[in-house]
Structures are given as C-alpha cells and as structure tokens.
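Trainee: Heads up, here are the entries from Swiss-Prot:
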- Gly73, Gly74, Pro75, Ser76, Thr77, Gly78, Lys79, Thr80: ATP binding site (BINDING)
Amino acid sequence: MVQITEVNESKAGTANRTAAHTHIKGLGLDDTGAARQVEGGFVGQVEAREACGVIVDLIKAKKMSGRAILLAGGPSTGKTALALAISQELGPKVPFCPLVGSELYSVEVKKTETLMENFRRAIGLRIKETKEVYEGEVTELTPEDAENPLGGYGKTISHVIVGLKSAKGTKTLRLDPTIYDSIQKEKVSIGDVIYIEANTGAVKRVGRSDAYATEFDLEAEEYVPLPKGEVHKKKEIVQDVTLHDLDIANARPQGGQDVISMMGQLMKPKKTEITEKLRFEVNKVVAKYVDQGVAELIPGVLFIDEANMLDIEIFTYLNKALESDIAPIVVLASNRGMTTVRGTEDVISPHGIPADLIDRLLIVRTLPYNKDEIRLIIERRSAVENLALEDGALDILADMATHTSLRYALQLLSPAGILSSTAGRQKITIDDINEAKMLFIDAKRSTKILENSDRYM
C-alpha cells in the first residue's frame, strides 16, 4: 500500500522576524509637531524627534535638498532609530538609502564613485505618462494568414482580428502580426481580460473574466471584473525610478541572447564605473522631462551611519556633491567626540568631521536615557519579542542598562526568555536574568577580566 501523509502547515514561516528597530513606526509627533513622551516606538528624545519632524516637513516641501544633518550622541541613544523614523514618516515613495561609513571603501571602485552612486540612489524620479490603451474581455481571437512571400507551401500571419468587450461596448481590432507573438506569450484565450498599448503594441493579460468563474479548472485562475468605460481609453501610468537606475540602464547596454553574449557577461564580474559624462547626459534628459512636466524630481534621504569612518577625501567630495544642482538630503550619524579626522595625522575635529563640513551641518543632539526611560524601553521591547517579565526582573534589567549599556540589557531578553521557558515558567524572573548575566558577560566585565589576567597572549 502506498503511504500518504498530510503535511501540517507550519506557523514558523509566518512569524515576524524581530530586528533591532522593528518597534520603530514613526517619530511619534502630534498635529502641532510636538513629540509625545512615548509614541511611535520611541521613548524620550523629545527635542531630537521634534527637530527631525521639522526636517521631514522641509523634505516634503522640497526645501531641504542639498543640505546635511548630523545626528550626534553617545552609543545607544537612538541615532539610527531617528533616521529610520524619518524614512517611515516620508513613506515608501521617497527614496531612503542607508549605508555605513566603511561601505564606501572598495578595491575595484573609487570611494568617491561609490558615494556618488549612493547619492543617485537617494534621488527619485516620478514619471507620469498618459498612454492610449485598448482594454476589455477577449470575445474573438482569429489570426488571418496569407501566402508566404518567399514562396513555398508555408503560410504567414498577415494580421490578427481581436474582439474586445467592456461595460460600455465592444470593438473589433485588426492588429499587426508582431502583436500575435505577444498574445501567444501571454497565453491569451477567449474570456481573458487584456489591455493593449496603442503606441508600443505591448499586451498584458490582467486575468480571467469573472463571467467564467463557475468553470472548473485545474489551474488556479485570477478572476477580474469586466473593465469599466469604453474599450479605447487613456490611462495615466506613474513610474518611480531613481537616477542610479537610469545610470545603470545606460551604462550597461543589454547584449544579445546568444550563448557568446551570455558567456561574455559572465566573464565580466567587475563592477562598471559610471562616468561623469554619462551622468551629465542622464541629467540633461531628466531636466528636459521635468521642464516638459512629464517627470518630477523627488530628493530622498542618504543616511550615512558611523560618519567618523569617512576619510578626508570623501569629506572634500561631499562638500562639492552637496552643492550640485541635484542632491539629496544627507543625514550623518556619529558617536565620537573630539577625534582625529581619518586620513590625516594631526587634524582633530568634533565628531571626526572636518570644520568646513561641520559648518554646513544642522546638528541634532541625542541625549542619554534616564532610568525610567530605560525601563519603558525594555518593557516595550519585551512586548515586541513576545516575552513576559516580572516587575523585579524589569527593575534589575533597567539597573543593568544604567551601569553597562542599553544594548546589553536588551540582548539579555531572548536568552532569559529561553532559560525561563526551559524551567517551565511563563514569565522571566530575577533568577533567569541573573543566570543569563552569568552566562553572557558585558564589555566592562570583559575589560576587567583582561586587565587582571595574564593568561591571554
């Protein structure tokens, strides 16, 4: 007998993954732009959040492009969280390009080139195009053939007759034979809802008409209603691209589909460096589209974390790039005080950034959290991770975060949760926290052990 067993659906695939900033939903401001004490995943940092709220308003009003902001504060004070909240407030339509200072260094490509690539990634272009389309349910699909002009017994398709039906009428179209190939590729049959672009002849199958929903088919079909209005209509199509997408499209022309072309592409794994001339040409085309009203430029946000890792050459290039006609809003974050600028030997500057660039920055300061705020953060974070804490355990974690770091206290939550469930408890207790603390030491204790030990090389 053949053994057949049912596979139970696993819930593991649908479980949400918890990242460091999963709980951040926005800046948590009210209608007047004032920050609430606890809102949007944030606790405290009222002045910094209000400052970021003003920046968001300026970005939306398109009055902020080509300027730079510095988020300055100690470790674990929410600098990255603020940058993420800015992107959440701006929404998915505004480009947000995050990177770390060390990402700009590469053996293959110049660091200034990598910076410019990310600059262009953070600038969006919204292209609005009005297209004439024929849309409806296919009622007739008849290819008409003619004698082969080259002679012989074969026949060629001279044109295709397609009948389309919409809510307001029907139309019969005579189409070019090249469109018949597109119809075959989309596997269009009578009863399907399609649209055909008048200018390009592109065919798109939308789905099966819901009039055929009672049919029994082995394949799962997507049933769509009969299109409203006339068969022939004008449709506005909005496309969002970045300037980097346009650069790449022009820098890497597609080769042929033959084996030699494909092998040639495989043999070139090196990154293509986009020239200034190409970018200038792309900018000219973009400017023409903007003047015609076809496209709209959307300056986004380029977030560079650990800005103190950038060197003097990148900072010099950044000064020039910020003054260009097309520039995004640059948000830098640094947790350093007075430190040497990388790439120099004796230039000591605030946050590791040269004085001439510091002068161009709007600086937003983040302050260390007090014990009550830390307690609230741990409580909220434990709720995100679906962990229940006893009040005593919460107090111990808050104390620990005050003396060590907030990150260390938050990182102990998951191990303490596992220890608690292993012991058969529903809530994390003080014992679980102490056991996790014994198993995983913090940076200060590790330093003390190394100072008092001679057993290390």
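Placement of Cβ uses the backbone N, Cα and C atoms for every residue, glycine included.
Keep in mind that what you see is a predicted model, and the values were worked out from it rather than measured.
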Trainee: Comparing the binding-site residues Gly73, Gly74, Pro75, which residue's C-beta has the most other C-beta atoms within 10 angstroms in this structure?
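Mentor: Of the binding-site residues Gly73, Gly74, Pro75, the most buried by Cβ count within 10 Å is Gly73.
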Trainee: Report the residues of the chain - excluding Gly73, Gly74, Pro75, Ser76, Thr77, Gly78, Lys79, Thr80 - with C-beta within 8 Å of the mean position of the site's C-beta atoms, for the recorded ATP site, in sequence order.
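Mentor: Residues close to the ATP site, other than Gly73, Gly74, Pro75, Ser76, Thr77, Gly78, Lys79, Thr80: Asn335, Thr366.
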Trainee: For Lys79 (ATP binding site), just count the other CB atoms lying within 10 A of its CB, please.
Mentor: 26
Trainee: What does DSSP say about Gly78 (ATP binding site): helix, strand or coil?
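Mentor: Gly78 (ATP binding site) sits in coil per DSSP, no helix or strand.
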Trainee: Which residues, sitting 6 or more apart from Gly78 (ATP binding site) on the same chain, put a CB under 8 Å from its CB?
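Mentor: Gly78 (ATP binding site) has long-range Cβ partners Phe42, Gln45, Ala48, Thr366.
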